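Quick notes on the structure that follows.
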């Protein structure tokens, strides 16, 4: 198993180390355009092997040729939004980056599974799918796993229970339009509505929507990377081990939930072939409407890129 991670920033480097520590691949390649950064970080990780007890070969490179014949490619490259930069500016700049990255990936790997982490997540997943020509089941966005992890952690904190006992789904887009599904949220099988009043649940939902911003406000410079990296690696592990995990991931819908031809976060079954099934669960009228509104925002942004991608 060969896994390539594009982008040697905090998310990419942290994910690379977790992949190695879990021994999910024989070979991990960390690629970045900045000379020396991927090489230095990868060497540092590799030298931790005897202590962390892994034998994975990790190396860094500035050359996409080193990604040749990758089974899985994790894309974390892209710019963060800077002061004075509009969302449209960020969208266009990162579209150009992801277009170039995807072209290079496909130049050297015939049929990889691509996992997208770069923002705006849902749109960048669409870009990678459009440019790669891969089957939609093999281009997957990491959003719902992270948003769900935040939702679960906040519930566990409020109830003072183990995070492992929290079951939940956060669907829709990665951002203000995400849709935490309270109906399917439970604690060791007990519906959350039996343990928390509506106002507490609503507050947790709102905190989840602002989870990324909360971290940015603390850090002042930079953004979250431990939880995003862990979420991406959970997806990779499900694929590598063919675990058939049911996880909320961004995928292209073809009529499910009344959404067609748009990438949106929904429950899927993840296995060795990528997305093996989309689970069209029953949603309340409000939840379905919120999910469709979220998808409409993604579609609007994708439509604005047609000239760039053609």
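Backbone N, Cα and C define each Cβ position, glycine as well.
If you look up Swiss-Prot, you'll see 7, 8, 9, 10, 11, 12, 32, 94, 117, 118, 119 marked as NAD(+) binding site. Residues or ranges marked as substrate binding site in Swiss-Prot (evidence: sequence analysis): 81, 87, 119, 150. According to Swiss-Prot, the feature active site, proton acceptor maps to 174.
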Binding-site residues (7, 9), the one with most neighbouring Cβ atoms at 10 Å: 7
Residue 150 (substrate binding site) versus residue 32 (NAD(+) binding site) - Cα distance in angstrom: 28
Greatest C-beta neighbour count within 10 angstroms, which of the binding-site residues 11, 32: 11
Binding residues 7, 8, 9, 10, 11, 12, 32, 94, 117, 118, 119 (NAD(+)) - maximum C-alpha distance in whole Å: 17
Structural state of residue 9 (NAD(+) binding site), classified by DSSP into three states: coil
Other C-beta atoms that fall within 10 angstroms of the C-beta of the residue listed as 'active site, proton acceptor': 26
Fewest-neighbour residue among binding-site residues, criterion Cβ within 10 Å, set 117, 119, 150: 119
In sequence order, the binding-site residues (7, 9, 119, 150) whose C-alpha falls within 10 A of the residue listed as 'active site, proton acceptor': 119
Collapsed DSSP category at residue 150 (substrate binding site): helix
